[in-house]
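> Got a structure for you, written out below as structure tokens; questions coming shortly.
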């Protein structure tokens, strides 16, 4: 075990040339980042996670209900043992061939089976009330770093590096940020499962790695800038979604527009021009590269790729919303069906099947279904129609 730890904390990986861990020990005159400081983040992350659950249940939910946000979830699919077995054991998205086979087996028309699978998928989605209560809780506090000199002159991040004393406010900011992202990483597995689950998971892993890397090798100054820049726009999109669920349309539109402008300008403008410039070029000039420097910058470049992807989604959402706004009310978080949508649209899947599919006539279905019910066959089939979900 000692050999593994010695290999992991190899000075030639973490620190610049001719710098050792002994050089960064705390003294009476200066305090430096210590790896063991980050251990505090683990129990704190668990506390944040538990506080969040209590907050959602006893504060956010009553507030959401006070705004008359619906507590009921999507319409439940009619119980059917055969379709349920296919859904749970085989596929949640049956192809045309399987739909045809199920249609013959159950004597249901294909469209009814399509609707059943959509409703069954939507049945696993949470209610708007639950979404609202989760979004209320996702705001985190920004560090007030306007008085730090390296905010305006990024070369200050590298002067006298790595012998830069750690201030108390930056120390606690790092612990809180790491705790927050660890708690969010935990909640990925308990929250609403969205289409961008893997991308967000990758984002959180990269963020946690960057926080740890920048703290351990005392890149705390530039790390502070990265965290502040990322925190700035997050609260706006959460507020926009809450306004959308509360049906405050004008506020939702305003917040979404502010978020889009801030997100794109910060993450496609400020981030590469300001942050990547100093970590790639100014640090190379002043400090020079070393192994963990390469890892740190690769993680920053990975974040830039994620920024570009999300900016594309934001622009696409805004364009769809504006085009839809020509004939109706502009809702940027709904018109585009939200690239992180919670409820599927029925029209998309209906159009994915050829119009010449085999469909049983409604009169045939009604006769057979009634007969099946009288004979006790299957016991779940009825002649009732399934309304399209929205």
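Each residue, glycine too, has its Cβ placed from N, Cα and C.
The following feature annotations were taken from TrEMBL:
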TRANSMEM  38-55  transmembrane segment
DNA_BIND  85-128  DNA-binding region
TRANSMEM  197-216  transmembrane segment
TRANSMEM  252-274  transmembrane segment
TRANSMEM  294-315  transmembrane segment
REGION    337-390  region 'Disordered'
COMPBIAS  362-379  compositional bias 'Low complexity'
> Is the count of Cβ pairs under 8 Å between the transmembrane segment (294-315) and the transmembrane segment (38-55), pairs 6 or more apart in sequence, 3 or more?
no
> Over the span of the DNA-binding region (85-128), count residues by DSSP class, listing helix, strand and coil in order.
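Once the DSSP states are binned, the DNA-binding region (85-128) shows 31 helix, 0 strand, 13 coil.
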